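K.L.:
Sharing a structure here in structure tokens format.
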Amino acid sequence: MAKLIFFLAVQILFLAVVSSAGDGEDFARTMDRKLLGLHKKEKLTHFKVYWHDILSGPNPTSIMIQPPVTNSSYFGAISMIDNALTAKVPMNSTVLGQAQGFYAGAAQKELGFLMAMNFAFKTGKYNGSTITILGRNTALSEVREMPIVGGSGLFRFARGYVEARTKWINLKNGDATVEYSCYVLHY
């Protein structure tokens, strides 16, 4: 009887050791790049869209959810956005998609924002695809460069950058139109 108990104890211990040996390594594995379409040649796509930040009127596309600490620099303010992306400067031109995300006042001594947004395309070849922009926007500079840190759909594994140029701003209500020239590397 003692031999049977000893034998069972050794078996249980052995099973416990074997079953726990791979616990830390089973969550990740090397994959074939072809399974994700990464065997294709990488492409560089350039496109230009116009971002309409509307703070005024009955249907604003930018809503301040946290007011600034002071009025002088916008520091500490956070605004959520669902801004139209159009093919041309006028807001009534063809809508290509939406810029969805937020911007936050991140500079104390200048008008500087942390931008975190997805450009979600809703028409044509890129319908359902997105690019993700995360970067610093010094809004009073003529040209602002921000990185593209990812994407989805046809922009899966995207990287690149955007150049933002303000085309129009209403200093009374804050409404603005900004040209985004996008340079995207993707498969």
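The backbone N, Cα and C atoms fix where each Cβ goes, and this holds for glycine too.
The signal peptide feature in Swiss-Prot is assigned to 1-20; the stated evidence is sequence analysis. As annotated by Swiss-Prot, N-linked glycosylation site applies to Asn71, Asn92, Asn127.
Where in this structure would I find these features, and how exposed are they?
P.N.:
Classification of Asn71 (N-linked glycosylation site) by DSSP places it in coil, neither helical nor stranded. Note: Asn71 (N-linked glycosylation site) has no non-local neighbours, i.e. no same-chain residues 6+ apart with C-beta under 8 A of its own C-beta.
For Asn92 (N-linked glycosylation site), the count of additional Cβ atoms within 10 Å of its Cβ stands at 8 [all protein chains shown].
Counting only residues at least six positions away in the same chain, the Cβ atoms of Phe121 sit under 8 Å from the Cβ of Asn127 (N-linked glycosylation site).
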